[in-house]
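Undergrad: Structure below; questions to follow.
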């Protein structure tokens, strides 16, 4: 059972380890048993019915029967006790282990205090309680409440009074001697300056002393016997002439003059001077006075010090902190008050006033400054983070975090942008999915459209060939020559023990690179017909040439591991020197005149990962061979070839069968040579007039590498960027340059530009930097067509339209629908029965609008198609109007033994409706689970339809660690209450939100106390800076390393840790880790 405070603000936001949690009690009830709760003022008791097991909790934050909080003054008639559940809203009842609900009913009770039926003492207060009352003696009285007697406060330390203490009923009073008055503290006595009012009654001069005062006279006057007035000394008699020498009073008698002293003084042995006693002004002592033979001796009350004058008592820090607001220090001259940093001492020397640091220079903060009592905090705008000096804000480079974007990430001040490669569309903010171009009007293809990842292809039916615009189909020659043209020429040489093979493409080669670690090089294509004697009659048209001799084909595929995917420009000078020196040992392989390469395809990319089960199957199939290392990283080169060899003429010594065997043997030798040359990095390809070596190992500076970027890319800052469409990579200048007029390039990272199509005497023209064939000059504009797509052109007829330039035909509106005029450029110009709004498409067969089905959307009105969602995404409902409604329903995350994370579908985009995800975290033996929830976004007003729950198992009765259905932008860390976790996320069909990405780490259970000490410390979440640490993926990773193995903390040097975390955070961790590992 968990009991939460009901008085603190925001108590419904309590989490399992939040500050509002008063206590967790485990195993208080069994299944199918009952529990009774008894609530009284600030006390909760529980008793398991049928058992002696009881418990209670006392807390001023718990509950008051009057419903009035003594601290905050807020009315609250509820107590919040959740059974195995973290409350997430006022509508949630406790459920889980016993599915119990707690309802507090106000019982009928007799108020004995109100009715006067109690037996409390008259000097006691009566407080009503359920079924009874409580008596308590008032302040100043002692007893059990039913019998109270006065407490004599003066009996102990004189009640704290420095002079006199008088006990009264239920209280006491401090009084001061004459000449003193009571201090504001009610206990100390301070001197009264009698001279301040009418000179103390003195006629001429008033002199104030401690506890008293005295009057004096100016020259030619003497003080009269009354001690206040002055008389002239020019009279007769010794007393008037001041020849008597008396200190106070001179009196003439028959026997002569005698000296006397005023009250409170004693006559000295010389019979002239007067010695003060404690009876006069307390002997000049501020506190306590004691008469001695040498005069009064002053002492001070407890916790006061005697000043250097021997009379005054100095206040010490032991009494009311010396009257100081903050810091107090005892000195010989008295207490000295000071203020800590963030405060300033006021003119009274006692009070401290908070300094608003934010008023001057924004506190030194780059962005926002928030003043606090005695200090201030700096915070940064969204997308920025605070440096360890806790003042400076720097931009968060989200792109430096792996997996931020699926394809290309561009960091911007305070944010970032994700871009998708050509042929892909963004969804869920950071993800990219393949665009199914064929779903939109068949991709614009005349005949057949086939979608691929990142691109699509148009193809034609038999008897047609693809137009240069790659969409239209035009008639082709029916007769194909028997002898296939050579697609590539392969030359292999052997110098010593090294075979070197070179490939020169005779047709247009193709090179592409999606990233700096992948590339694809292709030349030619698979032969359309089987060029063998057995199949020629069945596959060749009747007009083909006669077959003179059979030819043989062989396909081969090689796979090689590689560190990085690189094509290095070949150094001809070095190669020619080595070649010349070994010319006499050279032996040429026979793939020249009789051997040709129909196609070659080189692909290099990341090594595909296999599941453990797949690796076991592979290991069984390859028993006896070297097994691959599980989790091996790097790249793989895949080389595919199709070699065709024409055999020699048969002779008397070698018939047809003999020639065939020899030819097959030569093919095998050529294939083996290819394999060896690639494996030993002795293979190069010629492309755009330049030779490139196929490399397998990492590039090194001493090998003369010109660039770390792959072909078709340039270095921009610290990143490799592919040459954009409309440009190509010039090997001579090493830069991206625009395609010249008459050429175009519709792909990124290419080494050449494609020539614009030309027909007959018409020469190819176009703009500089043409990005596709449509920007080549002389093409028909949208709404027009011609037999070859070039001028002269005619407008589309009524009932047809054409949105693309350079086309050979127009699309029909369908269903007998016409257009407003000829030359229509879109379906919107077709005259239909009704205009469809966004999210709909027009069905020309039925003549009406239909909603786009699931998985499709349409942002524009008046269209006859819907766009398919990218990749594997789909929509929650039909009739979607934009791509943002396309969502990935795959449950995200990575579950590992030591670290991992769970992620809502489509994160960080809004998660889909009616989705259910389940994760299982089972750590290794002897380890426990720590979960960090940086932030979670769920609909605020959804009646808890979207819920994230973490518990031991799928059963609703199992121990629950965490559950919420609300948005929390403040991070929280907590340990699992069970050794394993079953986590489930469910959403309904109502609202949707961003969701969550929750990391976790497992740790040695021997460190349980340390981890609990860290995550339960409120200082971990006290400042905005600490909260941002738990949201920073890089810092959380570093923090997880320490939590997974706390001794890793000591491996960080002081400079490294300070550069990563703020000083306050390091101080918090250091104290706990050091105390744990070095307790003595």
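Glycine is no exception: its Cβ is also placed from the backbone N, Cα and C atoms.
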Undergrad: Taking 561-584, 585-608, 609-632 as the choices, which stretch does TrEMBL tie to region 'Disordered'?
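TA: Of the candidate stretches, TrEMBL labels 609-632 as region 'Disordered'.
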Undergrad: Provide the three-state DSSP residue tally for the domain 'EGF-like' (434-474): helix first, then strand, then coil.
TA: 7 helix, 16 strand, 18 coil
Undergrad: Tell me if the domain 'EGF-like' (395-433) touches the domain 'CUB' (891-1003). I count contact as 3 or more CB pairs below 8 A, with pairs 6 or more residues apart.
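TA: Touching, yes - the domain 'CUB' (891-1003) and the domain 'EGF-like' (395-433) meet the threshold of 3 or more Cβ pairs under 8 Å.
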Undergrad: Provide the number of Cβ atoms within 10 Å of the Cβ of residue 399 (disulfide bond), excluding the reference atom itself.
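TA: The Cβ of residue 399 (disulfide bond) has 17 Cβ neighbours within 10 Å.
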Undergrad: What is the Cβ neighbour count of residue 409 (disulfide bond) at a 10 Å cut-off, with all protein chains included?
TA: 19
Undergrad: Suppose you look only at the domain 'EGF-like' (109-149); what would the mean pLDDT be?
TA: 90
